[in-house]
Amino acid sequence: MKSLLNHTFTGTIQVPGDKSITHRALMMASLAEGTSVIHSPLESEDTFRTAEIMGQLGVEIKREDDRMTVVSPGSSNFTTPEGVLYTGNSGTTTRLLMGLIAGLGIEATIEGDSSIAGRPMDRVATPLGEMGADISLVDGKYPPIVMKRSSLSAIEYEMPVASAQVKSAILFAALYADGGTTVHEKVRSRNHTEIMLEQFGVDIEVDGLSISMKGGQSLSANDVQVPGDISSAAFLMVLAAITEGSDIMIENVSMNETRAGIIDVFKQMNADIEIEEVSNEGEAIGNIHVRHSKDLTSFDLSGEIIPRLIDEIPVLAVLGAFGRSPSFIKGAEELRYKETDRLRAVIDELVKFGVEFEEYEDGFMVYPLKELKVSGREFKGYHDHRIIMMLLVMAISTGTEINIDDTSAINISYPEFLKDLQKLKKAR
Ligand SMILES: O=C(O)C1=C[C@@H](OP(=O)(O)O)[C@@H](O)[C@H](O)C1
Ligand SMILES: C=C(OP(=O)(O)O)C(=O)O
């Protein structure tokens, strides 16, 4: 990390494949009988957990070059898995898998690491239970998740929280339920599942905030091209926007409007950003050009934009600290239920650089950093990839040498992060 300090960042780069899309591609390709190829998938701890579990169900997954080839016997030929289905640190794997296992009517126990053990799963178990799934949770809320064989009937479900993981779990279960299921969202969450189900040949109807699908449909094998992950690009975008002399182009990034809230924030902040459209079919793709900006203003975020940038909020706190006036985030209480309580972690760690915050139950106000005041060198990463990369962006842009207790969690979503920064760094 030390070698990255006091540099500027310029050049063209591609970030790794989108994590949400890769999980879904692995699951849908597994459900479809035959061979599907996933091009440019994310190869990281979280997506490997999904791939391994699909293997335990009887699917063959080969990794070669920049693709994964999935050969499936079809979901009706899946085997009851031996042993626990271990989801590691991945909330997406855990929650989507609950829907899939419920739909398949297989018996299984799902368990993850200590972070997953503290994340609420009742938000998925409740709608699946209404469909007829037999799921037991610790204290009615937490993993290990014990699922017994059951058959499902369709439901009409009003989503109490904006969560693509809950929505997707219901849609996976709905594929195998008797009758037509409808999910109503209050606020739109990422829609990769809806887009990809259609690509795999499922008849799914989206009408405003309501999604409907008939049960008893099967998926047809299909190839998937995974775009770059905007949540990973976010770290490079913020670093470039706040580091003197920087000028970077990030190619082929997902521009799905349900994910691209950060672009709106950069515009609100008066950052120097341009988007070049690459494709607008299915999952939209674009190139992102960001230059250092001397005159960042502030942002004020709440309501429907929050799910469109939920995972970028830690690094947006850094951007906010470089603005001219205070920035606000409200309506983001979901951050308290991620890999760690991200609102607490962001504030507890960034105050060590002298950043001032006002904390709310559902967000924060971040003040412009007047003076860098580093109190100690010891920082905590909470084994949370987004917190660790946020800290690295802050440290690198301010030229501060810090020690983070454990940085291995970077491998969860962006294993090449430090290597990519090395590629972009130039002497000042
Ligand atoms: O569906 C997905 O792939 C994801 C949905 C979001 O979680 P929620 O569904 O809990 O909002 C997001 O934070 C997570 O990183 C990935
Ligand atoms: C919250 C995240 O992922 P997950 O819920 O899959 O653990 C994330 O990637 O920031």
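Glycine is treated like the rest: Cβ placed from N, Cα and C.
Quick look at what TrEMBL annotates:
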{"type": "ACT_SITE", "residues": "ASP311", "note": "active site, proton acceptor"}
{"type": "BINDING", "residues": "LYS19, GLY91, ARG119, GLN165, ARG342, ARG386", "note": "phosphoenolpyruvate binding site"}
{"type": "BINDING", "residues": "LYS19, SER20, ARG24, SER163, GLN165, ASP311, LYS338", "note": "3-phosphoshikimate binding site"}
{"type": "DOMAIN", "residues": "9-421", "note": "domain 'Enolpyruvate transferase'"}
Binding-site residues (LYS19, LYS338, ARG386), the one with most neighbouring Cβ atoms at 10 Å: ARG386
Long-range Cβ list for GLY91 (phosphoenolpyruvate binding site), cut-off under 8 Å, min separation 6+ in sequence, same chain only, gives ILE116, ARG119, GLN165, LYS338, GLU339
When you look at LYS19, GLY91, ARG119, GLN165, ARG342, ARG386, which the record names as binding phosphoenolpyruvate, what is the longest CA to CA distance in angstrom? 19
In the structure shown, with every protein chain counted, which of the binding-site residues ARG24, ARG119, ARG342 has the densest set of Cβ atoms within 10 angstroms of its Cβ? ARG24
Residue among binding-site residues LYS19, SER20, ARG24, ARG342, ARG386 with Cα closest to the Cα of the residue listed as 'active site, proton acceptor': ARG386
Given the binding-site residues SER163, GLN165, and counting only Cβ atoms in the protein chains shown, which has the most within 10 Å of its Cβ? GLN165
Cβ neighbour count (10 Å, all chains) around SER20 (3-phosphoshikimate binding site) is 27
Any idea what the Cα distance is from LYS19 (phosphoenolpyruvate binding site) over to SER163 (3-phosphoshikimate binding site), rounded to a whole Å? 16
Roughly how many Å lie between the Cα atoms of ARG24 (3-phosphoshikimate binding site) and ARG386 (phosphoenolpyruvate binding site), rounded to a whole value? 21
